[in-house]
Amino acid sequence: MCGELPGQVLVSALQRESPTWPFFFDACVVIFYDVSALLICWNDLFFFKLEKMGALEVSKVVKSRQAWRMISCIWLHAGVFHILANMLSLLFIGIRLEQEFGFVRIGMLYLIAGFGGSILSSLFIQTGISVGASGALFGLLGSMLSELITNWTIYSNKAPLLTLVLVIVINLAMGILPHVDNFAHIGGFISGFLLGFVFLIRPQFGYVSQKKVPPGYIAPSRKPKHKTYQYVLWVCSLILLIAGFAIGLILLLRGVNLNEHCSWCHYMSCIPTPLWSCRNRQVYCQSTEFGKSLNLTCISNGKSEIYPLTEENTSQVQQLCSKLCG
């Protein structure tokens, strides 16, 4: 009987009652704090330091071919609270996934999902800079959903699926607030959802690993390691991932702005209400060059600042002005 075998013989002989992570607290509350950190820290005057350290700036990705910024921005944050919130998210979500599937698979999923979030963000938001690991964290959240779906038969308790769907809806809905890069969230979530079918597939219920069967034991039946629908999901997800990333990168490097082809898509990142506006406030500055210095004066608040006159600063006068008037 299978029940008489040592535990290590059975790869997936026993059903799991439910997934090992408490969905609502770990996913909903923690990612809520992560989005709040973006809102609070977005206006901090770290623009130039973050830019030099590798923040995502579409103009540099497209014109200077600095595609590495789409990965490096994941490790940059807009303040202490922002990075603490991201670490808290990883503590509750990432560690449990890593314990279940190993650091290699979860690490790859985290990086690729963050890259996918950067691609979609760059195609829609092409001004300013973007930092943070929210896209990668939403990728982990998406992978939790696809892991439940592809390994559906080994869980006897299906209730966590509804809870997780509710968590996803709440977190994505929070992206309609201003100054939150919801396109990075959506791109990371979709990437993580597809990657979950590829990386987080488990053997089906009742499968016995023949390599670990003791000598003389005869298994009652030999089930295939995975079900047919798991293979179908694996293949389809891999094709969609490769195609999506390839098309996204081609459009991005050609300088395509998808807002020009989708008039309503900007509402996925911010919906204007009487409480806030989604329009970027236009700022104007008076500039004066003398010697090797550039003097900027904000028209709206009268503040002045002197910057070294370099080619980099000359090409970024509008960004300097925005910082000065912010």
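Glycine is treated like the rest: Cβ placed from N, Cα and C.
According to TrEMBL, the transmembrane segment annotation covers 23-48 (among others).
What TrEMBL records for 65-200 is domain 'Peptidase S54 rhomboid'.
The transmembrane segment annotation in TrEMBL covers 68-95 (among others).
Tertiary neighbourhood of the transmembrane segment (107-125): same-chain residues 56, 58, 61, 69-71, 73-74, 94, 98, 133-136, 138-140, 142-143, 181, 183-192, 195-196, 199-200, 241, 244-245, 248-249, 251-252, 256-259, 265-266, 269, selected by CB-CB distance under 8 Å and a gap of 6+ residues from either end. Look at TrEMBL and you will find 107-125 (among others) tagged as transmembrane segment.
Annotation source TrEMBL lists transmembrane segment at 131-149 (among others).
The feature transmembrane segment is assigned by TrEMBL to 161-177 (among others).
Residues annotated as transmembrane segment in TrEMBL: 183-201 (among others).
The feature transmembrane segment is assigned by TrEMBL to 231-253 (among others).
When pLDDT values are averaged over the domain 'Peptidase S54 rhomboid' (65-200), the model yields 88.
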